[in-house]
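Enquirer: Let me give you the structure first, and then I'll get to my questions.
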Amino acid sequence: MARSAEEATSENYPDYDNLPPGDFSPHNNNNLLAYTQVFLPTLYSIVFIMGFIGNGLVVCVLVKYHKSSNMSDVCLFNLAISDLLFLLSLPFWAHYAAIIQWSFGSFMCHAVTALYMLGFYGSIFFMILMTIDRYTVIVHTYTSLFSKHRSVRASIALVLFMWTLSLGASLPTIIFSQANNSNGISTCMVEYPEGTLWRSISYIELNILGLIIPLSVMVFCYSRIIPILMSIKSQKKHKAVRLILVLVSVFFLFWTPYNILIFLKLLHHHGYMSTYQWSQDLKMAMQWVESIAFTHCCLNPIIYAFMGQRFRNLFLKILKEWFPCCFCQCPTIKSERSQTLFPSEINICQVVVRTSWSAVGTASSRKQLSL
């Protein structure tokens, strides 16, 4: 593992450069040590509880109330599963950060890393798939094979493909993660073979798959969707446009700082900005931006599910079934005919398809293309 001479003489411990989720190695920076041992475990615990509740409810609603699967519901379900996998790793990282010791052994080091990386890439890939699904249905309503064959079989094939991609992207980090014991300090770190390009490849992979590709897809697809929405006479179009802007802005704000720091770590690994002070500042900044990025999995259920009236109705229905004493005064929920549990505020495909179908007199096809 490449390290500067100044770093090697200034610390008694090796430079633990864990990709999941950061650097919990012992160090001489008291501020960083206090942040690691006090703030991070607290934050991870809060994110775990909030994210687990939100994504767990999304899964419950989708499993309990969907009658016929479509691409939108399948993507939303797998996005929630990805976030849950990611969240399941946080209690282990919280314990690791609190005591600066990895207490769970070598197997759990690989397993927890696998949960983290699969959840990380799965969440990103299924957001990309949801974006492409909306784009093809709205922009290429009549011409896209993807729009015409949004069947259960096609959905399953795409889901398997996305999970395979997630596993492939995660595999190097999972393989090279290992539990070590040095000077009485147990760690779980990613240690790439010396003299190889694996570390540089992992940083570049994170930048490309974690930011550049998903952000480019979102910007391209939504930049084509918004003009179509604005041309439609519907009161819902403004809500749809606002929510699209929220989706892109939240992803950009939460993940761009993290990816910038990953790029700086790549430069640091290759000998640029290699002073000891820069190394310490980079560690501190990395933990801050990771803290911001981790909270994104708590926002996914809110943005993609709970902002929809239909989903809120079904969520309230579950609460009335589980806790009848507490929610018995809530108004009766009207039945919904739409096949998707996707938020009604961003049910933009339905608006487009209805408008188009009314022009050609094929209203019978609306239900099949309603997102």
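Just so you know, glycine gets a Cβ as well, placed from its N, Cα and C.
As annotated in TrEMBL:
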DOMAIN    54-304  domain 'G-protein coupled receptors family 1 profile'
TRANSMEM  42-63  transmembrane segment
TRANSMEM  75-94  transmembrane segment
TRANSMEM  114-132  transmembrane segment
TRANSMEM  152-176  transmembrane segment
TRANSMEM  201-222  transmembrane segment
TRANSMEM  243-264  transmembrane segment
TRANSMEM  284-307  transmembrane segment
Enquirer: For the transmembrane segment (42-63), which recorded stretch in the set 75-94, 114-132, 152-176, 201-222, 243-264 gives the largest number of Cβ pairs separated by under 8 Å?
Expert: 75-94
Enquirer: So what's the mean pLDDT when you look at the domain 'G-protein coupled receptors family 1 profile' (54-304)?
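Expert: Here the predicted model's pLDDT, averaged over the domain 'G-protein coupled receptors family 1 profile' (54-304), is 87.
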Enquirer: Counting only residues 6 or more past its boundaries, what in the same chain has a CB within less than 8 Å of a CB in the transmembrane segment (201-222)?
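Expert: For the transmembrane segment (201-222), the sequence-distant neighbours (Cβ-Cβ under 8 Å, at least 6 residues beyond its ends) are 19, 120-121, 124, 127-128, 131-132, 134-135, 139, 169, 172-173, 190, 192, 244, 247-248, 251-252, 255-256, 258-259, 262-263, 265-266, 269.
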